[in-house]
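Some features that TrEMBL has for this protein:
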- 10-185: domain 'BPL/LPL catalytic' (DOMAIN)
- Arg49, Gly50, Gly51, Gln52, Val53, Thr54, Tyr55, His56, Ala116, Leu117, Gly118, Gly129, Leu130, Ala131: substrate binding site (BINDING)
- Lys113: site 'Lowers pKa of active site Cys' (SITE)
- Cys147: active site, acyl-thioester intermediate (ACT_SITE)
Amino acid sequence: METYTDTRGDDGADELWLVEHDPVFTLGQAGKPEHVLAPGDIPVVRTNRGGQVTYHGPGQLVAYPLVDLRRRGIGVREFVHRIEQALIDTLARWQIPAVRKDGAPGVYVHGEKIGALGLRVRHGCTFHGLAFNVAMDLEPFSRINPCGYAGLQVTSVLKSGGPATLSEVASVLVSELSTQLGLRPEATAAPPPLLHALPLPA
């Protein structure tokens, strides 16, 4: 991800990487160790993304949009807004009402966080991205102060009445991100597989 960002040329294709991580807590640049309450056997890794502490694990869809903002004519704040809107529109596909919160990036359903953002921009190009709780064990979030907020509750697509299959959610999310960012996914015969770099040419 970083290597691609650091070595891509001005004409390098934008890409969207979709992954499902093994259990891990990550601390962003603003992350404070005291927000990791009781990690137990789950490793804690410091990263250079923005934001505080979060959890990644099976059943969560993590998307890394590697986008040249200069070429797209999009500012960082607008980029965040568009990613949030893509999550909101994805959830609307299953009639799940999601909203933003002022001063707290991400997407929420009935006050519970369902999508988190942690971005980094270098030379006008983005890396890191978003974490979308699809059908996962939410217990590990109780071992931290999610995003630095004590007592913040989290939820998932499945818990909110949506599907349990990551590939089904990924297919919709790719479509909505493409709409928001003005991209065109490479044609595939099936929903984009996880652990696959999907080129998004202009």
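Count begins at 1; order follows the chain as displayed.
Note: Cβ is positioned from N, Cα and C throughout, glycine not excepted.
TrEMBL: automatically predicted annotations, no manual curation.
Since this is a predicted model, take the numbers as computed values, not measurements.
Here Cys147 (active site, acyl-thioester intermediate) is positioned 10 angstrom away from Gly118 (substrate binding site), judged by their C-alpha atoms. Mean pLDDT for the domain 'BPL/LPL catalytic' (10-185) in the predicted structure: 90. Compared over the binding-site residues Gly51, Gly118, the count of CB atoms lying within 10 A of a residue's CB peaks at Gly118. Long-range Cβ neighbours of Leu130 (substrate binding site) (same chain, at least 6 residues apart, Cβ-Cβ under 8 Å): Val62, Ala63, Pro65, Ile83, Leu87, Gly115, Ala116, Leu117, Gly118. Under the DSSP three-state reduction, Gly51 (substrate binding site) is assigned to coil, being neither helix nor strand. Its own atom aside, the Cβ of Tyr55 (substrate binding site) has 27 Cβ atoms within 10 angstroms in the protein chains shown. If you measure from the Cα atom of Arg49 (substrate binding site) to that of Cys147 (active site, acyl-thioester intermediate), you get 12 Å. On the backbone, the CA of Gly51 (substrate binding site) and the CA of Cys147 (active site, acyl-thioester intermediate) stand 7 Å apart. Local packing around the Cβ, expressed as the count of other Cβ atoms within 10 angstroms, is greatest for Val53 among the recorded positions Val53, Cys147.
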